[in-house]
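Pulled from Swiss-Prot:
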MOTIF     112-116  motif 'Histidine box-1'
MOTIF     149-153  motif 'Histidine box-2'
MOTIF     299-303  motif 'Histidine box-3'
TRANSMEM  68-88  transmembrane segment
TRANSMEM  92-112  transmembrane segment
TRANSMEM  128-148  transmembrane segment
TRANSMEM  173-193  transmembrane segment
TRANSMEM  197-217  transmembrane segment
TRANSMEM  220-240  transmembrane segment
Amino acid sequence: MDAEIKHRNSDKTFKFVTPPADSSIEVLNDFYWTDTDEPHVARRKMILQKYPEVTKLTGHEPKTKWYVMGVVLLQLGIAYYLRHTPVFSWKFLTLAYVIGATANQAIFLAIHELSHNLLFRKPLHNKLFAVFANIPIGVPYSASFQPYHQLHHKFLGDMYLDTDLPTEYEGRFLSSMPGKLFFAIFQIFFYALRPMFITQIKFTYVHLVNVVFQLIFDHVMVTCWGWKALGYFIVSTFLAGSLHPCAGHFIAEHYVLNENNVPRHQKIGGTNISKELLPAETYSYYGTLNMLTWNVGYHNEHHDFPYIAWTRLPELRRIAAEFYDPLPQVTSWCGVIWWFIFNDVNTVWNRVKREGKEKHGYRINRLDEN
């Protein structure tokens, strides 16, 4: 059946042929365009209507700060230990991959918790603690992540405001097997650089504090311990966003990977989507790697209730099990990386996308504030 999608504020119309519900999924050469609203607001309303006690799960988690401080101290200790070790030695690279990348992935996701104000009551305290947590990353990152991530939540799938989405150029040039391998190896750079080319945010005093503090700390570290210590931070950061088990969450959260994401109890019609459910664009993972990543695998739960801290997301799933158990789930982050790269049906195009609410290049004012 022929169909069209046109946003009411846009002159552009997308034409496509709607496949039968039971047809097999084919390799894409464009994104999954939709004119429907993202599903999380609707599901949140339904859950709150049936289980109003869920509101008691919201709020900050004070003990998280102690874990974050422990990870920062761990990274500082290893950086000091490796201060005289050659960067390209097996000892250096093994520690950077096994411990450093895992720790820095935890730091990425601690900053993610802080971006939702889930460690302290006051937003400013969360922002400043994120600057401290940023230390092992080696480059200033936390202040920019927060506003872009707020846009990702508020405008999921928006072609201009959700900078988590790959661009058309990425889809066009990186959807082959070598291209996907390149994307998976260097995805940290795509996530770091892509937002600046899509949507500009306001540079605030928090950004300045983040940049100045990180540069001063790096300078002191190099002066006292040498370049290899800082190199440990940088290499750990790169590996944390490369071919690392914990990095699988970057792809697993929102890519429609047809061979891996299946309903918990059955696979219907050879697709990853139950006929009773709307097309899925967010996926949860309930495996053991959640213990190292602040339960970021509970991603449907997180998008439904972004103000519930990581320690209480499993309880949300337990209370509202009938809303979450039937949804397609990711079974393995390592498997996601493998299936994404080597399965032809999974490409960079495999994301749900919506026509933008703002014109390209529009400077965001208050939309990105938490």
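For all residues, glycine too, the Cβ spot is worked out from N, Cα and C.
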Highest-contact recorded stretch vs the transmembrane segment (220-240), from 68-88, 92-112, 128-148, 173-193, CB pairs under 8 Å
92-112
Could you please provide the mean pLDDT value for the motif 'Histidine box-3' (299-303)?
97
